[in-house]
């Protein structure tokens, strides 16, 4: 998530933060015991004095924060987190458990928005289940930096595909070329000691049909998610899905190579679909049932193509065609680590116990798979295809 100035009032709200920072810490009437807390009544006085300097959506959130604290006081750190766009768990609980419902018109009902603002509003309704989060995101997003990560990965994949398309003189079923696996990018079981191949395989695809499906899902789902959650979090889910995909193949389909970005793509798509299902009533995206069905159809078609190709007689035996298991590895990452990331918009992941549980399980899987790759192939006397 990109934090920054509002699309509507870029700089004025800082004066509230600065003035209330001074008042909150140093003014005896507001905090006579210097305890770091302020009463909700005094907090409302501050809002009444300086609220006109804030975006209306953020003012609604501040009022909800005041009314959501049953103990009658507000922690100064919660207020700092709010104004710096780093909302804590206690802040979210105060909003969700507050007795006051957010008032004012829905974000969707606002008129007079520019093209960029309408795009941000559309992304908010596509990805976020709570109106307070949608309004918060709408006021905070600045397009700086833009959603560069998914776009950069997609451009690199297209560039590599076109390069090998001209080099191999084919765009459909490039995998049928005898030189396809000679690239330094695909994962190959005979070359598993070259660690970069566990990630670099995403830049190679079996053909234009493979690239097209992956690219469509990657852009349609990945770019909006990156706009909301930021490149770091979405990159974490994507890379974890990619690595889990290649490691899963090395453990369960030990003789097969791996190509394609399906591990990362399926991690993002499955996490997003699971988030939609878990927050079905709150998600206000249009035609969500139809679009979810279409996403599942696209995933099924791509997975079915991969399964068919894996068991289709290879063009150059004894090396089999690329494995489909990477898809399943990505799905598992998306339904575990990915869901936790998407469920905690603007929350510190290090404060989420479920995140650490899934992250530790994922780390344990990676370590076990590494040891498997080091020792299991020789112990099981696996007959591997010759190196390309």
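Placed from the backbone N, Cα and C atoms, the Cβ positions cover glycine too.
Looking at 148-166, 167-185, 186-204, 205-223, the range tied to transmembrane segment in TrEMBL is 148-166.
Among the residue ranges 121-144, 289-312, the one that TrEMBL annotates as transmembrane segment is 289-312.
Rounded to the nearest whole angstrom, the C-alpha distance between residue 262 (active site, nucleophile) and residue 327 (active site) is 6. With Cβ pairs under 8 Å as the measure, the transmembrane segment (258-277) is packed most heavily against 324-342, out of 234-252, 289-312, 324-342, 354-380. The average pLDDT computed over the domain 'EF-hand' (54-89) stands at 58.
Sequence-distant contacts of residue 327 (active site), defined as residues of its own chain at least six apart whose C-beta falls under 8 angstroms from its C-beta, comprise 245, 262, 263, 266, 302, 303, 306. Residues of the same chain lying 6 or more positions beyond the ends of the transmembrane segment (354-380) and with a Cβ under 8 Å from any Cβ of it are 189, 192, 240, 243-244, 247-248, 250-251, 254, 333, 336-337, 340-341, 344.
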